[in-house]
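Colleague: Here's the feature list from TrEMBL:
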- 12-30: transmembrane segment (TRANSMEM)
- 42-64: transmembrane segment (TRANSMEM)
- 76-100: transmembrane segment (TRANSMEM)
- 120-142: transmembrane segment (TRANSMEM)
- 162-183: transmembrane segment (TRANSMEM)
- 203-221: transmembrane segment (TRANSMEM)
- 233-257: transmembrane segment (TRANSMEM)
- 277-297: transmembrane segment (TRANSMEM)
- 332-354: transmembrane segment (TRANSMEM)
- 360-377: transmembrane segment (TRANSMEM)
- 389-410: transmembrane segment (TRANSMEM)
- 416-434: transmembrane segment (TRANSMEM)
Amino acid sequence: EEAVFLRKKITLVRAFSLLIGSMVGSGIFISPKGVLKNSGSVGFSLVVWFACGLLSMFGALCYAELGTRITKSGGHYIYILETLGPLPSFLFLWAEFFAIRPANSAVVSLAFGRYMLEPFFAPCAAPVPAVKLVSLLGYYMVLTLNSWSVTWSARLQTALSVIKLLALALIIVPGMILLAQGHTENFQDAFDRQSLVLDKLPLAFYAGMFAYSGWFQASFVREELIRPERNIPLAVIVSVITVIVGYMLTNVSYYTVLGTQDVLASPAVAVSFVQRAFKSLISVVPVLVALSCFGTLNGGIFTFSRTLFVASREGQWPPLFSMIHIRRHTPLPAVMLMFPLVTAMVCIGDIYHLMNFFSFSRWLFIGLATLGLIVHRHRHPELHSPFKVPLFIPVSFTIICLFTVAMSFYSDPVNISIGCTTVLSGFPVYYLIIHRQTSSRCRSPFYYLTHKLQLLLEVVQQEIKTY
């Protein structure tokens, strides 16, 4: 009875909530250990945290300009496709689907499960099978919600963003009080150069950037944003500044209360912090952290489903995944596709190995996307953009991303080689299937299967263009 398409339901407040909710997740409660371990000291770890925040701001500003120049949803994928061509965009899609996104979702899911169970087993660690079971239940709940309603998943994201900021405040306030009372002993000799190992710094940056990752999420839902030319830059700038300030104060609070040895020894830093700072909230803060991770899961599923949706629409993914549920107006097939891989990674994965595994591919393609901004400016000087950043920002961000990716081969050659192999494995798939299908305009070999699934899932192609 009405046209089937993705409605514009993302307001400025929801865009801000999406960014905050995606950035403030498991990272700030997991990554302090990884940053400290690979930077060597309190002082250098704080420098890494600030540098990661500044780098995230540079990247976010680049993506804000790309979001005003390129009017389609899809984030990294569509920016690489429109600026560098179909091959690198398909390699990104391949790596994102088989490595980056499932590993990222598995990391956040495992953090959700660990923090949700921590109060019930403290002071002992929660059993690993129980953590994985609760992690999967949380992931499936978010999957179901995103399949059911865009509005309700956006409302949940807004509510959980408030909870995330409350969780950070509960960590920051007691630390700042102790610091004001003169408890600075954990910051003595903060810049100990003897413990600094330069070839481990890329891993410290990966851990820090993982905590900030999410600043690019608004670009994935560009077609569903109200007034995107205004709201993307505004939401990006305000949210990234908010998170930088929050993360710096949170880390100072961690070190004030715990010290370096306790941070390195803790499997869940926020829980250890609460045990030391105020035991009356020992059962409250872990639940707040778990809800924070839940919000990050929700934001990740919400945005990545749009990447699969757009890639399918562009002919680089099976056509079923560019279809929308006829009543719910959600990209149901694209939302559901990730569930087998995430399930497998949660069952077999370890948080820190997964983090290094997907970080290589993610930052390689983010660097290529901002390189694409430079290329797009050169090719289309006549194109008016309502938001434009100085050229040194995309140039410096691209160089830092690609340099960090190159350096990581020395830091963690095994996991990085696996990530590199995953990217390169997309070459034969592209030339044997995607390139051949595009050039010959032949019907997909999965046409009849797609038709049957379309009837089963009650989904159809988008009926009007929103870009």
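Counting starts with 1 at the first residue shown.
Each residue, glycine too, has its Cβ placed from N, Cα and C.
Annotations in TrEMBL come from automatic prediction, not curation.
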Colleague: Do any residues of this chain, six or more beyond the ends of the transmembrane segment (12-30), have a C-beta under 8 angstroms from a C-beta of it, and if so which?
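Modeller: Beyond its ends, the transmembrane segment (12-30) has Cβ neighbours at 107-108, 111-112, 115, 154, 157-158, 160-161, 164-165, 168, 210-215, 217-218, 221, 225-227, 230-232, 234-236, 238-240, 242-243, 246-247, 250, 268-270, 289, 292-293, 295-300, 302-303, 351, 355.
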Colleague: As a test: from 42-64, 76-100, 120-142, 203-221, pick the stretch that has the greatest number of Cβ pairs under 8 Å with the transmembrane segment (233-257).
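Modeller: Highest pair count goes to 42-64.
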Colleague: Under 8 Å, at least 3 Cβ pairs, sequence separation 6 or more: does that hold for the transmembrane segment (360-377) versus the transmembrane segment (120-142)?
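Modeller: They are not in contact.
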Colleague: Does the transmembrane segment (76-100) make contact with the transmembrane segment (162-183) through 3 or more Cβ pairs under 8 Å, each pair 6 or more apart in sequence?
Modeller: no
Colleague: Examine the transmembrane segment (203-221) against the transmembrane segment (42-64) and state whether at least 3 Cβ pairs sit under 8 A, considering only residue pairs 6 or more apart.
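Modeller: Between the transmembrane segment (203-221) and the transmembrane segment (42-64), contact is present.
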Colleague: State, in range form, which of 120-142, 389-410, 416-434 has the highest count of Cβ pairs under 8 Å to the transmembrane segment (42-64).
Modeller: 389-410
